[in-house]
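Per Swiss-Prot, the features are as follows:
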- Glu893, Gln896, Asn918, Asp921: Ca(2+) binding site (BINDING)
- 1184-1209: coiled coil (COILED)
- Asn1017: N-linked glycosylation site (CARBOHYD)
- 715-730: intramembrane segment (INTRAMEM)
- 1019-1034: intramembrane segment (INTRAMEM)
- 1117-1135: intramembrane segment (INTRAMEM)
- 744-767: region 'Disordered' (REGION)
Amino acid sequence: MGKDSFTPLYDGGDSSHVHLNKFGSNQLSQSKKSWIARNFSRRECIRFVPKSHDVSRCKCGRPRERHSQQALESGQGSEEWNVASCTTKHPTNAYGEIDFEGYGGQKRAPYLRMSHDTDANLVITLMLKRWNLEIPNLVISVTGGAKSFVLKPRLREMFRRGLIKAAKTTGAWIITGGTNTGVMKHVGEAVKEQQLMFGSDTQVNVIGIATWGIVDKQSDLISEKNGKYPALYSMEPTPGHQGAMLDPNHSHFFLVDDGTEGKYGVEIGMRSRIEEAIMKVKTDSRSEAGSIGVPVVLLVLEGGPNTVATMYELIKKKVPAVVIDGSGRAASVVGFAYNHTIKRNVDGQTINVIDPQYEDEVRAKVVEVFGAKGADKTYSMIKDVLEDEKMISVYSLDGEISQDIDLAILKALLKANRSSPVAQLNLALAWNRIDLAKSDIFTEEQQWTTETLSAAMLTALLDDKAEFAELFLQNGLSMREFLSLDILCKLYAEVPGNTTIKPLLQKEMGKRQVKTIDMDVVGEVIEELMGDMFESYYRKDGHYFGELASYAEGLVLKNRKSSKDLLANINRIDPLPTPYLDVFLWAVLCNRRELARVLWEAGREPMAAALMASRLLKRMASRAQEDNTITDISSDLYDHARLFEERAVGVLDECFNENETLSQTLLVRELDHYSRMTALELAVSAESQDFIAHTSCQVLLTRLWMGTMAMNTRWWKVLVCLYLPVLIFPIIYFVPDEQHERQAAEREHQKSLNQKSSKVKSHKEKNDAPVVPVYRSKEEKAVSNDEEARVGTENEEEDFQLEDYIPEIREDDSMEVIMRNKKLGFCDRIMHFYSAPFSKFVGNVVGYLAFIFLYAYVVLFNFPRFDPAKTLGGIHPTEIVLYFWVFTILIEEIRQLAAKPPKYIKDKVSVYFSDTWNFVDIFSLTVFIIAIILRFFTNSRIFTASRIILSLDIIFFIVRSLQIFSVNRLLGPKLVMIQKMMQDLAQFIIILAVFTIAYGIALHAVMFPSPGIYARNNTWVTITSVVQYPYWQMYGELFLDEIQGEKPKEFGEVDPDGRWLSPLLLAIYMVFTNILLLNLLIAIFNYTFERVQEDSDKVWKFQRYDLVQEYHSRPVFAPPLVLLGHILIFIRWVWRMCRCGHPPRGSTMKIGLSPAEMEQMDNWEFQAAEMYIHQQQQKNSGTLEERVRALGDRVDCINSQLNRVLDSMSGTRAHALTDGNGLEGGHDSEGRLARMEVELSSNSESLQKILALLQQQPPVKGQAAVPIQLTLLHYKARSSPYPGSTAKRFAVQDNMVDWQVPFPDYKPVNYTAPVVLANPVWADKDLMAMSPRPELPYNQMDHTCNVNRVSYNGTYVVKDGLPLNPMGRTGMQGRGLLGRFGPNHAADPVVTRWKRTSAGVMLQGGKKVLEFVAIQRKDNNQWAIPGGMVEPGQLVTQALKAEFGEEAMAKLNVSQEEKERIAKQIERLFQQGQEIYKGYVDDPRNTDNAWMETVAVNFHDDKGDLFGDITLQAGDDAAAVRWQRVSGNIPLYASHVSILEKVAKMRDAAF
């Protein structure tokens, strides 16, 4: 092979025009073209051996005239002819690209004529390196009939669709014989159809391997030099030629030459070797474990004896075969034989053999199809082919998988690897077929562990196969066991080069001069993207990414052979602390959307993770924008960041709806793995305006802003009390005061109830369940506090007692101090008032205004020149006060700089100056200090400079006061507008300067040419005039008289030529500046204004955070008294350093939680995230597109079944007409066909109506997709496995549910649970085991068992002594878990109230939000309405109260008096119930003979007072109980969602 053997010869991309550049004779070098000629050869006959029956033709198939004289002479006297001795090799003369004339839309197909003994590896090199084909994940070798044959229309359609689908979804190559006949033509037509439907961009690689000697029009392909580019190939066959045309729909051709002509089958051996060589090529994957040998599968369609021989040879090489039964000849014979095989044990091995009863029939078919000659050999090969059941699969059009022939092809390979589930998984991964993995690999029988899934998981991560990663996480893979430091580093080492993060990693590696990526490099890059406040734990956590990494590296160096095992053991002993977060960050940095989503959904702390992802993606998008070559990546990154921002807001919304208080705790808790930042800080860092604008954040900021003062405290009260502290007590209202008043009102209310209840005699109702409250500890309050309504009016606020949730309060954390509620003493009130950010703000505003007035007074009235002879240099005392005031402001700015979170001063400065106001502060203070220094010089000019600087500096101090307006909702956004317009103006000035300077220079050069009498000799005047006059002219001061030379004394003498040219230049200049540029500036300002105005509310809310954060951390006093606060801070710092060894944390907007509290909060947040994810999935599945797609799938299924029936009916009719009773049979068939047509017409009309209904009524946003056919068809009652068992129901399609529909093959599974068969008192006798069966009193009251057997749905049918489910078949007979045959009556009390927040009753979409008492079932952990079975002799009303008490209220040891009080309140509630539903329940426990029916009654606590002080506590029958929001997005047990929907409609509530 030449030195240029890896130089690409063919570009597999868009080739219809690219070949002109790449393969034209002018561009393609001679050396590249000759590579093929040097490495591939053809064969020519060198010995003419005449045929016995035709002496004019050689045994090679060519006539005498096509042989050389030497060949004619050497063949004289010879009778034997063979390829080895009678042919010789020559460089190939047929290669290039075929352009099929008349097929202009087709891409040109590369082709090559080669010898039959060519090295197969050389062919693979040609395809991969020269023709640039991608390594396939599968090779489908199609074989069969070489001559034209007819397929049934439906089989032809299935074959075409399935073959192309298999190739496209797996990235497969299809190999055929390449000619335009037989099975090859069917394959070509399938490809053509696919390209017509989806365009030529979706090309499938179809490789034709044909015999050169049978190809028609060989001369069109031959070129003695440099190949043909293109080779024009006409599809008109040559008259009289016995060969075949090449198929124009193939993409590549190999023409195998053994020197013969007209001989078929020459290519078989070469094709087999090529396929064998392909199997040794590894598939393309970033993971070594993900690279497998390319699998090959044989697809057999029709065919003759050679087809059977091909199957035989390939199956011996362990290539599985798929036979299309019903396609004719060989395929049908093999299919028939396969369907009549039995298993037999031979020499300890189980093999398939043809059933002896059918051997003669199979032999007869072989003779019938192939003829008697060679029948025994063919039969023997068929027997051998069928022996290994794993290696052969028969696809039947009428079989169970007839709808998906692609699955049959792929499952054949899985079947061949049945003994190795890991190999099967690798195949599914390579094909990216998640459907196969779910249905055939991850089954109940196969158990998976982290160890077996680790390699596949690494492949899924590296190859961005998110669905597989999700599947692995759901089926036994533990991320904690899987992820090690070694794998994490490998993930970052394999980051694709086209990502934004790759250059950043390489840059950091270059700085450190390292060749491999370690986590310290990654941590540095993450810190760079996150900003100076963030400190990655990859860098600071020395245990996991420092000491452990070094220890592991040392072990690897010492024990190279077992390094993987050592690292795995280390990972088991001491796993990484946050594996999900680690891999999630990698996926985000690689911008892998679906993978990031999967890992985010599975990980912890979803809100913080989403916000961090948003920040990282936005920063990477900003970096990408700086590179103009990757702007598309930038937009994609921004869109990805927006998705995570939406997810963070969604999780926060769920948390807030569930519990307002805990949601605010989530916002301010310290997160260890996020550099001890809070979710609020991460949101600000990510500039997430939507997140900060959320109600939860804004309520929290309001609470922090007001401190412990009531939220409605007016500013003037604060202003008065700042200077008259004694008025704090009468006019300032504090939050703890409200709490204590509310608690006092509760106690009074309880006292009055106790007094009334003491007059009532103790009594106990017969059937009432005990309902009593429970004493709550702080821990229990943490779960139930927000779920209990408070006694009072409808508009009262909920309790906000953070110490109930966060009991660990530390003195140095002012955040916790602010949010605590405790009784305030005299000093506490004063301290809390002055430490509130709002009070600090008012004090600072007043102080700053006083400072401005003092500054103005000094500058305007008392700023004398410094005189050393006078006392204090003659400086006025007010000026000294001003100096001291500025000094205190400077000290405060230094304190703010030192208090910034970053550790290093450089990072502190960076964070400090990220706030524009801080830059203004430092600039104005620096200028002030310069002015004061100059002020003390006695030189008059220096003093004047000092006075001027000081006078100008006041501008910046006054402008600084604009920050005061940021607290206002209307004026705050205006400041943002001004800031953004200043940025626009800076860019505009650059453009304006170009025009101004250009015009100024031209104008001056025209008016005052130099040198000469009109030249100006003053350089400074010349320079200033170049800028001065154009600038003022822009504002309307045109200087017309001056530029026209009418004022020579003032302006100077103007050159005569300039007098007429200057006005013309001015006119042009004014057009550009005043008309074009200034209007452009106005348009830019207008756009900025509209953009900010649209989100003005969000902008203001986002600004609030900075304001609250600044004043939350400020000392109590404003300058100049702030110095006292600094002294106190210093004293405290010294005290803590001496006592504890570390400085105080200072005043922060954070809450520190104990590990146990963090765990509880994490679990609660994770549950809220799961709810949000479920709602999003419901929303997506409820879209019109998804519903139409699902409906389309079902229509396809129905269509397939109907076609199958029609085919069967057609066959029956044809058979009947040829039978002796043809007339009668014909009439019967006609009648059935007529009925079928009627049914088809009816189905078509129904489908059209369904589609119209879907289009007219799209789903309401956020509304759940509640099954409309709940009353028509049962779904959960047909689900498998049956609850509490492994029993699976008989499959019943929707159209077969009705008992009226004939279903002769219906064989329901008989199942009754052992607990029911034990014959408890609540169960009937087992009628299924009795013969004859005794008749129970169905459809009436059973007085013997004291059970009502009347159905709420009316009379039900009784057959063979058993009742039939009125809703239809369920696939199971017996009773399952139900005790009674027939209806089993239940009672479901739906106890509701209005959901309240601190602002009153919650509203959604203008409607009130309901919440109901929900219990978590112990058997399946699903949430449900509390309810249960109606016991024998029990009334429904009694059952409602009893079930509510048993499942929602615990049996607690409280006083009898308290029991009576609670019982009375429950009695009041249950006296006002409204029936919601009465009838059948779609319950998974239902069977054909036993089913659930219920009565659902709504008991509504409208004012919220009945449950105000009653605690919900799960009983023995429930795992948990809580108040749950009524929403269609919440998954509930059985048909409870539809019941709640009825409640919401009745109450006109949101759903």
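Positions of Cβ are set from backbone N, Cα and C atoms, glycine also.
Features per Swiss-Prot, on structure.
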residue	record	Cβ within 10 Å
Glu893	Ca(2+) binding site	15
Gln896	Ca(2+) binding site	17
Asn918	Ca(2+) binding site	17
Asp921	Ca(2+) binding site	21
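Same-chain residues with CB within 8 A of the center of the Glu893, Gln896, Asn918, Asp921 CB atoms, the Ca(2+) site residues themselves not counted, are Glu892, Leu897, Tyr912, Asp915, Trp917, Ile922.
In the three-state DSSP classification, Glu893 (Ca(2+) binding site) falls within a helix.
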